[in-house]
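For 1-243, the entry in Swiss-Prot reads domain 'Deacetylase sirtuin-type', with the evidence type sequence analysis. Annotated NAD(+) binding site per Swiss-Prot: Ala24, Phe35, Arg36, Gln105, Ile107, Asp108, His123, Ser192, Ser193, Asn215, Asp232, in sequence order. The nicotinamide binding site annotation in Swiss-Prot covers Phe35, Ile107, Asp108, and the record cites sequence analysis as its basis. Residues or ranges marked as active site, proton acceptor in Swiss-Prot (evidence: sequence analysis): His123. What Swiss-Prot records for Cys131, Cys134, Cys151, Cys154 is Zn(2+) binding site.
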Amino acid sequence: MKHDLETLKHIIDSSNRITFFTGAGVSVASGVPDFRSMGGLFDEISKDGLSPEYLLSRDYLEDDPEGFINFCHKRLLFVDTMPNIVHDWIAKLERNQQSLGVITQNIDGLHSDAGSQHVDELHGTLNRFYCNACHKSYMKSDVIDRTLKHCDNCGGAIRPDIVLYGEMLDQPTIIRALNKIEDADTLVVLGSSLVVQPAAGLISNFKGDNLIIINKDRTPYDNDATLVIHDDMVSVVKSLMTE
């Protein structure tokens, strides 16, 4: 492990066009449940009596707008979550002009909360909401502080600005993410299994010098990586910062 940390530090220190690609493992330490792992959010959602895929779908929003927004308030707001050391480390490297930014599969908004400016949120963010009818925009604070569920303009359901099942990923976001990967000299994957498509398929477009994967479990890209560390992200970053 010590040798891996030394290698990681050397690569990071010698790179000036780092792109980060993050998944659920990065935010677990902030109290955000992993969606798909055992005991994760999907397991919790299943207790509500409907499938997680349906509850997080465009169909459910259209079939039962009231049920959908009640579900969002109960399961998705993550009111007390704060960025952890991994989010802070990524933001610091961007401030130091070593990083092109971060591409994330997460919807928690914690990269932006940590100060990262160049964030491509592939699946949207819970920091923004909008009316499903008239599209008036709301911030997360509006929804939480006022327990706001219906638009004060037209009465429509206020939904989070996330990609639901049955909806397409935002194409401008995909293009920006692809450019970040293609322009990077080092691509650092943190806390992602790299199996959720089409987002994970973006990794195959990396042509730079170093692919680094830090994840508890193996990924389909491990054999292509310069460095693979199967460990907890927080532990790795803490150790890296004391090297």
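Including glycine, each Cβ sits where the backbone N, Cα and C put it.
Structure coloured by features recorded in Swiss-Prot.
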residue : record                    : CB count, 10 Å
Ala24   : NAD(+) binding site       : 23
Ile107  : NAD(+) binding site       : 23
Asp108  : nicotinamide binding site : 23
His123  : NAD(+) binding site       : 18
Cys131  : Zn(2+) binding site       : 19
Cys134  : Zn(2+) binding site       : 11
Cys151  : Zn(2+) binding site       : 19
Cys154  : Zn(2+) binding site       : 12
Ser193  : NAD(+) binding site       : 20
Asp232  : NAD(+) binding site       : 17
- Task: List only the single closest residue to Ser193 (NAD(+) binding site), chosen from the binding-site residues Asp108, Cys131, Cys134, Cys151, Cys154 by CA-CA distance.
- Result: Asp108
- Note on the structure: Taking every residue in the domain 'Deacetylase sirtuin-type' (1-243), the average pLDDT works out to 91
- Message: What is the set of residues, excluding Cys131, Cys134, Cys151, Cys154, whose C-beta falls within 8 angstroms of the centroid of the C-beta atoms at the Zn(2+) site?
- Response: Asn132, Ala133, His135, Lys136, Asn153, Gly155, Gly156, Ile158
- Sorry to bug you, but what's the C-alpha spacing from Asp108 (nicotinamide binding site) to Cys154 (Zn(2+) binding site), rounded to the closest Å? 27
- Rounded distance in angstrom between the Cα atoms of Asp232 (NAD(+) binding site) and Asp108 (nicotinamide binding site): 19
- Message: Using the alpha carbons only, what distance in Å do you get between Cys131 (Zn(2+) binding site) and Ile107 (NAD(+) binding site) once rounded?
- Response: 18
- Message: If I take the alpha carbons of Cys151 (Zn(2+) binding site) and His123 (NAD(+) binding site), what is the distance between them in whole Å?
- Response: 23
- Task: Take the C-alpha atoms of Asp108 (nicotinamide binding site) and His123 (NAD(+) binding site) and report the distance between them in angstrom, rounded.
- Result: 10
